[in-house]
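> Have a look at this one before I ask anything.
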């Protein structure tokens, strides 16, 4: 009777300013860091340990007792031990009955066990209320005051009241709880810290693959071809010239790839006549990683800007400029300023600067700290309207700079087009199709579909 009533009282909302005692099983790095943070937040902390001797590593205001004695002092018990040691909890089942057990463990690899550690703990102690939390926060982050990237704490559990109690503790520690639902989500939460940039894999592999392709493409045309047919050794192009050609090409293509899946989605919805059918899996994954593609593209654009600013410092540029000056001196003739060339030069530079400015603006607004401070309409205006304007400017920048090579036979070495011609294929295709999609005869039915209208309602799911 006393045991059950004490648990009910412990689970009741705390109306006083005094915080409830929290028990921590485990005195490892994370258990100590979490206990220290809780004491700073006003929580009385008691450690349950095999050894009850006070160590210098234990926070000085914490109490150290045996597991059984510590469990009796608190309604919330944080299990800061590894799964393989959970068996010692079985003899404590009666004491832990009705208690909130917070599982914070992680595994060494993805899906290491058939069930999550939290679900396994719930099977061992069916009378307890198991909640998964804190496994996405590191001990170092707790000790250093928590970094912005470590503030989110995923929480899941089957008991709503127990989960709410844990979320209250998370907030008291200055962290942000994210409710992931029932204990079935524990497997996903445990896999999260083990994933290495999960949303960046496809963008990174795609970028590396395209970069390698364009690098060797330029190497073949600018170095190998000139050495074989013109007997010129331009191998030093590998260090500067070729990277400065690959970077803008990659930036433009990746920016176009950010908006290409939206084009595909619009075409598919127009074809199906409904928005209530899932997109193909490849398109879903592509749309989810558009932010990453854009940020990688911005990195390439930034490198191109740095390379361009450093270009006058190159020995090759100094030699070429000096050669032109000497040639004019020997011929006793000064070349007049070609205003057409000056217009083209200034135009493509201005277009590139404006396009890069908007590209940077897109990158800034994609950051959570910025996007959280704008409403949906503002975010959509920047990412869609200004995004397409950035794509137009960057495409125009490339067209003005490299358009002259389209009709020049000398540009087709080994009958292959110049790299700038290849870079315009995807952006131009995106802009042309987008131009068609904004026609009223196409835009109106697409808008109706996205508002819920269906051509054939029987296909809705």
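From the backbone N, Cα and C atoms, a Cβ is placed for every residue, glycine too.
Please treat TrEMBL annotations as automatic predictions, because they have not gone through curation.
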> Give the range, chosen from 328-346, 347-365, that TrEMBL lists as transmembrane segment.
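Going through 328-346, 347-365 one by one, TrEMBL gives transmembrane segment for 347-365.
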> So what pLDDT does the domain 'Ferric oxidoreductase' (249-394) average out to?
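The predicted confidence over the domain 'Ferric oxidoreductase' (249-394), as a mean pLDDT, is 89.
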> Could you name the stretch, out of 205-229, 249-271, 292-310, 347-365, 386-407, with the greatest number of CB pairs under 8 A to the transmembrane segment (419-442)?
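Ranking 205-229, 249-271, 292-310, 347-365, 386-407 by Cβ pairs under 8 Å to the transmembrane segment (419-442) puts 249-271 first.
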> So how many of the residues in the domain 'Pyrroline-5-carboxylate reductase catalytic N-terminal' (21-107) end up helix, strand or coil by DSSP?
32 helix, 19 strand, 36 coil
> With DSSP helix as H/G/I and strand as E/B, how many residues of the domain 'Ferric oxidoreductase' (249-394) fall in helix, strand and coil?
122 helix, 0 strand, 24 coil
